[in-house]
């Protein structure tokens, strides 16, 4: 008998690091965690710091921190000053020159939050890919999460890149986002944009489908002799179905005349509708970045201008948009010193 004695192959530092990152622990780290955790920590830390202490007086002429009297709904990390252009505003860059106070004043926290937030979201998406691969799942969770990433990147990065500066991006705050929505409406007529319409249909349609699906499953749960309670009559290892797809199919067939007969197609549809809505709306935002126009019904505008008695909901909205522009241009860009005489301000035909 021959016995072969060999040395165990030495493992390099990469293999050791790979094992440590993928170790089973309470909070999985993984290779994606190298990107996710530092970026998420820094983005959230910058946002909390900005909303607590940093003023927007030097960038927007506004108070935007708890220290100045704002609350959770009105505090924000504001976008940089228009004069900063598309500079990344590094702390050590020519704008701040290593001065942290000056860096905060010119809007450095916004670029810091936006860029680290973007990479943090991408890291979270990669985390779902990585864990799905390790446990043998399909990557549809990560594919679905690409929708929110597309919206975030298009709104906070691509839109201002198409405009004059980061100044035109939304600031990170609740009321600040509302102001940005009014800006999109006034300057781009966003609500009449077909990509916005498809996005709304996708998001609200997804919410409707989610509600219908959850209610239908609850309605068709099988009763369990031991525990008929909705939340306890199920174990992950049970072999039988927990609800009746046949009953659900018959119910909706009677309601609408049609119903999903295939669970796979049903759940793919639940995935497809909202994710497509998110992607389409992000494409629309990229169009706005390039100043592409929405629907224009010029014939109605011309007729309304010539005939005082003719007005449509469209022409009224156009007048509202003009009012938003006239107000925002002066208020939101004080450095431009816009002055609008009374005769150019919009008025409806009824006035």
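Glycine residues also receive a Cβ, built from the backbone N, Cα and C atoms like all the rest.
Keep in mind the model is a prediction, meaning the values are calculated, not measured.
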Stated Swiss-Prot location of transmembrane segment, expressed as one of 72-88, 89-105, 106-122, 123-139: 123-139
206-226, 227-247, 248-268 - the range that Swiss-Prot marks as transmembrane segment: 206-226
Separation of alpha carbons, residue 260 (plastoquinone binding site) and residue 128 (pheophytin a binding site) (Å): 28
Whether the transmembrane segment (151-164) meets the transmembrane segment (277-293): three or more C-beta pairs under 8 angstroms: yes
Top Cα neighbour of residue 141 (pheophytin a binding site) in the set of binding-site residues 116, 196, 213, 260, 267: 267
Of the binding-site residues listed as 116, 196, 260, the one whose CA lies nearest the CA of residue 213 (Fe cation binding site): 260
Among 116, 260, 267, which are recorded as binding-site residues, the nearest neighbour of residue 196 (chlorophyll a PD2 binding site) by Cα: 267
